[in-house]
């Protein structure tokens, strides 16, 4: 066996900067530390976010529509800030140090959040359970803590899944087969954390105190950091490849500078380095593709490109650099179709919770009451149920029919999830229609909890969980696989921004719907007392948008061109 066979061929290095040893680093040896970190971090995140809309409403004394908007705006920010972490990881710090830096910010934010619900002076003063009078300073401290958490979680979120996938060498067929399973089990770990958060922690917040309800997530985040650092010696690390945004801009500028230059019919004449490796650190060479041919002009060599013996990168780019831009552009339409799905997904922590508040929260005939936000446990249980079913049954069975190594392509998987999400909204709307019929029939308008069990919400949560397994895990894998090698954190962040924009879209829809339906002193679709409202119209609206979105997705997926990398790195 040659000495080179002892090391990975995808450019990864160990914690000392040496080529990564196949036997001593990466694969499932390293993944438990990454998966354990993610499980604890998600426990921390969902532990404070699942019930956040109720904190806004009952502790910060906000109206239903304001609480919903604030919750969704914050959730959206949590999925916009990944662009910051992704840029730093791909350009300068690498994924390991980016996760380390933002984890510290995350822990600080969680600690301040716990203090804002515990320490006298910055804790809102409450006269009764639902009658609080926070000062401007108290609200400000809470929001500062909240947005520090948004920065922390955003900084690490695009890096963790990509970092886990980095532990498997793409050029090694044996390791590559395990990568798809990694994404399934990575998402499984997310939902183990969410399971504990939506059951135990939500109950603590509603029945013990918000101080403990936010304090336990802070401790969980500290444990997540310990988990991550414990695996340092086993990790494989991709070197940062310089600013990806600069490289993309160079291709655009060079293309427009040569807008009158003809692209040769023989594409082998386009500029590429003579070396076996790409000149982009951490990236393999990529085969030329025929679509988006305007940008090929950036790789056409002319006399003005060579200045004093050096190539001007703003005039001449390699084929691989051009293909980086093409890959990102091809991802954008698929990316856009994730926004409506994210708006549907966001209802679990917003209108589903407020809908559940108006239902009977007792478990059977006992005195035990389940917090409305804890119903998201059934979304989590759905994911925990479907992930092993998908990985161990659906993949092997469909593989026999399709011949694809993963059974379904990533796009097919995502499309199935989008289809299922439509039914989640229809089921939620039908439940609300039936609930309002009972309200009218028995005059329950002023009753806080009507005698219809909250467990009627289980199907809508379960359907969203099923849709997640297909769409969100499919997106995780798709955006990692189709991203240029040196832009994987950036493209993972791009995928996460769909969740941000979905939250913002939902917030915008709430604002528009409220403005239109609450005119002339009407209560509108989403009043403070939902017994007078019509949130089923809002759910039907999302269902219609989801149908249109699925149609657009099918058209886009039909014409998508998959990326083809060539060569190895060392």
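Each Cβ is built from the backbone N, Cα and C atoms, and glycine gets one as well.
Which of 36-55, 56-75, 76-95, 96-115 counts as transmembrane segment depends on TrEMBL, and there it is 96-115. Cross-referencing 185-204, 245-264, 265-284 with TrEMBL places the feature transmembrane segment at 185-204.
Under the criterion of 3 or more C-beta pairs below 8 Å, with sequence separation of 6 or more, the transmembrane segment (210-229) and the transmembrane segment (331-353) do not qualify as touching, having fewer than 3 such pairs. Sequence-distant contacts of the transmembrane segment (411-431) (same chain, six or more residues past either end, CB-CB distance under 8 Å): 334, 337, 341, 344-345, 347, 352, 355, 456-457, 459-460, 463-464, 466-475, 478, 536-537, 539-540, 542-543, 546-547, 549-550, 553-554, 557, 560. Within the same chain, the transmembrane segment (331-353) stays apart from the transmembrane segment (96-115): fewer than three Cβ pairs sit under 8 Å, each pair at least 6 residues apart. Beyond the transmembrane segment (537-560), the same-chain residues lying 6 or more positions past its ends with a Cβ under 8 Å from any Cβ of the stretch are 330, 333-334, 337, 339-341, 343-344, 347, 351, 411-412, 414-415, 418-419, 421-422, 425-426, 428-429, 432, 509-510, 513, 525-526.
Between the transmembrane segment (185-204) and the transmembrane segment (492-517) there are fewer than 3 Cβ pairs closer than 8 Å, counting only residues 6 or more apart in sequence, so the two stretches are not in contact.
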